[in-house]
């Protein structure tokens with residue numbers, strides 16, 4: 001197993017923290033859109049923020065879990081949810097699905113990079129590492145949507161979603177394979193995945209969906 005340098009560990013922590021914050025924001029916006037109470041908002045934000053990282057840690061046999069080793073992030077989550085609920089009420093801001101998609105896109109990119117990098121640090125094959133990045137990037141959002149009684153965005157949105165995380169993971173892997181530093185590769189992979197998702201949202205580009213013979217007739 002390859003060891004992380006102090007600089008890489010710092011970069012991973014920073015990227016993970018930003019991704020956690022982004023997904024927490026997407027979760028609380030979705031919970032507010034569904035008119036959940038304070039407990040529901042905190043629960044959905046927590047699932048979105050920590051769900052993907054927790055499953056990644058289980059699969060990679062990493063202990064303690066990320067939200068245990070960084071318990072201060074739980075306090076940040078509670079403060080964020082409280083402040084957001086006060087802001088939404090006093091400013092009469094109406095949360096929309098569109099508003100939720102922007103922090104979700106950022107979290108997707110950041111988590112795809114951290115999941116891939118942590119798997120590569122355990123000398124796992126490239127395809128396994130990239131899929132670990134996809135799992136990290138999508139599972140929290142899946143939990144968020146299920147609790148909010150929605151078909152997960154990763155499955156119903158024909159605009160590229162998991163595909164963006166998959167592409168970002170391969171960019172990270174290729175950059176390291178060709179000699180780019182681990183920290184720069186991490187940022188490049190995160191940027192690629194997030195930028196692809198943002199581009200899909202802005203352009204409305206969609207992947208082909210399943211159509212039956214009856215649909216074509």
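Every residue, even glycine, has its Cβ placed from backbone N, Cα and C.
Remember, it's a predicted structure, so these values are computed and weren't measured experimentally.
If you look up TrEMBL, you'll see 6-29 (among others) marked as transmembrane segment.
The feature domain 'Glycine transporter' is assigned by TrEMBL to 15-88 (among others).
Panel annotation: around the transmembrane segment (36-53), residues 16, 20-21, 23-28, 30, 65-67, 73-74, 77-78, 80-81, 84-85, 107, 111, 114-115, 135-144, 147-148 of the same chain, lying at least six beyond its termini, place a Cβ under 8 Å from a Cβ of the stretch. Among the features that TrEMBL reports, transmembrane segment is placed at 36-53 (among others).
Among the features that TrEMBL reports, transmembrane segment is placed at 73-90 (among others).
Annotation source TrEMBL lists domain 'Glycine transporter' at 102-176 (among others).
Annotated transmembrane segment per TrEMBL: 126-147 (among others), in sequence order. Sequence-remote contacts of a segment are chain residues at least 6 beyond its ends whose Cβ falls under 8 Å from one of its Cβ atoms, and for the transmembrane segment (126-147) they are 23, 26-27, 30, 43-44, 47-53, 55-56, 59-60, 104, 107-109, 111-120, 153-155, 161-162, 165-166, 168-170, 172-173, 177, 189, 193.
The transmembrane segment annotation in TrEMBL covers 159-178 (among others).
For the transmembrane segment (184-207), the list of distant contacts is 8, 11-12, 15, 101-102, 105-106, 108-110, 112-114, 116-117, 133, 137, 158-161, 163-165, 167-169, 171-173, 175-176: same-chain residues at least six beyond its ends, Cβ to Cβ under 8 Å. As annotated by TrEMBL, transmembrane segment applies to 184-207 (among others).
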Helix, strand and coil totals (DSSP H, G, I; E, B; other) for the domain 'Glycine transporter' (15-88): 62 helix, 0 strand, 12 coil
Counts by DSSP class (helix H/G/I, strand E/B, coil) across the domain 'Glycine transporter' (102-176): 60 helix, 0 strand, 15 coil
